[in-house]
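These come from TrEMBL:
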type	residues	note
TRANSMEM	6-24	transmembrane segment
TRANSMEM	36-57	transmembrane segment
TRANSMEM	123-150	transmembrane segment
TRANSMEM	156-173	transmembrane segment
TRANSMEM	238-261	transmembrane segment
TRANSMEM	273-292	transmembrane segment
TRANSMEM	323-342	transmembrane segment
TRANSMEM	348-369	transmembrane segment
TRANSMEM	412-436	transmembrane segment
TRANSMEM	448-469	transmembrane segment
Amino acid sequence: MGHRVILGNVLLFIGLGLTTLIFWPLPLLHGRKPYTLLAFALMLPLQFPQALAVSGYRNPNNPIFRCGLLIPRVLTGMAMGFANINQLPTLFDLFGCSLMSEAPHQEMVSADDIRRQGGGVGIWLGIWSFCFTGSLSIGFCIGACIISGLDPSWGFYVVVVLLAFFLLVNVIAPETRRAPYRRSIAHFFDDSEPDKLKRRVARGEVKLHIENEGPKWWFQEVWAGVVLTKRMVCQPGFFVLMVYIAWIYAQVTLVILLLGALLSREYTWQPQYVGLAALSLAIGAFFALPLAKASVFSRSRFTPQRTDSMTMRAPRLTWSSHLMRRCMFTLLLPFAGLAYTLSAPGPSISWVSPTVFCGLVGFLSNLAIAECVGLIMEVFDTCDLQPGVNQKHRLESMTETTRRRRTNYSSFPRVCAGFFAAQSLGFFFAAASTGVSGAVTRALGAQQAVAVVAATLLVITVLFMCAMFRYKQVQVIPSGVFDRATRKGSIAWGAGAEDPEWRPVIIGNPSGKMRRVNLLELGALTRWTEIRRLNKLWRK
């Protein structure tokens, strides 16, 4: 079949990306457990035709065997997507989607902040990032060890055993989102009776997040997810962040494939040893797990702050600051790819060098992915700004569309829409890198192929750092709030407003009305834009 057999993994990534991008809102209607069980139940029988197709020599020109391998492969990817759309949101259900831990970044701790109910960011984010990046290396190693002494069809039979085990685990595990008993209550004013407040009980949350009515059919919730994803992608700062996440995933995929090609062709290693060498990427990602919980290098251990503004205007830049850590591993990641390129010319250099740098790529990739997911959570988490959640807000503080509904959102629609857009783009990039890796290696060589990917990542990293630079000051709190030494909760808090019932939205313990923001935080759907909109300081 020539080099067309690689199309199986290409179609797998494409199917995975399509399901992730389009159908992520469906578990909000029917629950997470049914889709997880459905995904495993569909993937299990799809392994048998693939195993039969590779069990022996097949005529490469026979379309029956080719379709018997490729069609179940793309269907496996689509079924796997239904399991993928429940993994990180399940962690959100358990741990929340906020950075409001004991020492939150850029904010002081507020005891009544609803975002602290989940406990904040912890080691769970690092474990998920490890599974997202390191799983490719682990699967590559297991597959290489299997084909070294057994028929390739045994790889699919091992997958059947694993799927049966995880299917049993998911049957026993409880549901984190019981959709049959979960409803969202929407309060609204009908045009025919503007003076009468009506209540509507609806399923789902994404359509309610962008409109005043819940979905009647499942495809309405799916379409609302597509609309929300489009709005997220159209923000310039988030677009750069999305491409950055996707390209990191593509580089991880390409480094594993090219390391396997290098050791098998140039060093003539056996498959089992090639797989063990590729496992270095997962080992490097594993060592990055403790750093996902930022308590070790927190600035609060060095100089505690009293107000929110002190977290933004530190007297000096310390090595443990968030900015320094972010710049350190984001800049080192493309240079680690370049170092891998220079250390992989062939047998003239020991195999240790490319293997070690492959592990370094895994270490930095895990840190970068965890940091980017944390950024999405930090910037787009608006669960405490929605009507009905924080009763300190008045209806007059809401926009015209929002003031007619009161809904307690719990699925973090903006965070999920942004994350799944970035993850699906990463799957598409991984499909492209898998499809062109062989052709690029034969045309340019493994070194040049990785060099091109690393150089592209360096350019995207520079754009990412520019998008993270806080270059603009915006007003977050209305004028007159702090006049005459008044503070939050005083009688004069709303003085000067046109409507005496209106109250400004003040989060944390700020000491000023201005805040420095970057391109990512200037987006139309960010947390700070939402606060400015509630405080009547934002105009389209």
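For all residues, glycine too, the Cβ spot is worked out from N, Cα and C.
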Quiz item: Based on Cβ pairs under 8 Å, which of the stretches 6-24, 123-150, 156-173, 348-369, 448-469 lies most in contact with the transmembrane segment (238-261)?
Solution: 448-469
Self-check item: Residue numbers, six or more beyond the limits of the transmembrane segment (348-369), whose CB comes under 8 Å of its CB atoms
Solution: 126, 129-130, 132-134, 137, 244-245, 248-249, 251-252, 255-256, 259, 262-263, 267, 269, 277-278, 280-285, 287-289, 291-292, 329-330, 332-333, 336-337, 339-340
Quiz item: Taking 3+ C-beta pairs under 8 angstroms (sequence gap of 6 or more) as contact, is the transmembrane segment (156-173) in contact with the transmembrane segment (36-57)?
Solution: yes
Practice problem: Report, as numbers and ranges, which residues of the same chain sit near the transmembrane segment (6-24): CB under 8 Å and 6 or more residues beyond its ends. | Solution: 50, 69-70, 73-82, 84-85, 222, 225-226, 229, 416-417, 420-421, 423-428, 430-432, 434-435, 437-438
Self-check item: Within-chain partners of the transmembrane segment (448-469) [C-beta distance under 8 Å, separation at least 6 from its ends]
Solution: 236-237, 240-241, 243-244, 247-248, 250-251, 254-255, 258, 326-327, 330-331, 333-338, 340-341, 344, 433, 437, 440-441, 518-520
Self-check item: Long-range environment of the transmembrane segment (123-150) - Cβ separation under 8 angstroms, sequence gap at least 6
Solution: 87-88, 91, 94-95, 158, 248-249, 252-253, 256, 260, 270-272, 274-276, 278-282, 285-286, 288-293, 362, 365-367, 369-370, 373-374
Quiz item: Near the transmembrane segment (412-436), which residues from the same chain, at least 6 beyond its ends, have a CB less than 8 A from one of its CBs?
Solution: 6-7, 9-14, 16-18, 20-21, 24, 84-85, 88-89, 92, 97, 205-206, 209, 225, 228-229, 231-233, 238, 241-243, 245-251, 253-254, 257, 372-373, 376-377, 380-383, 453, 525
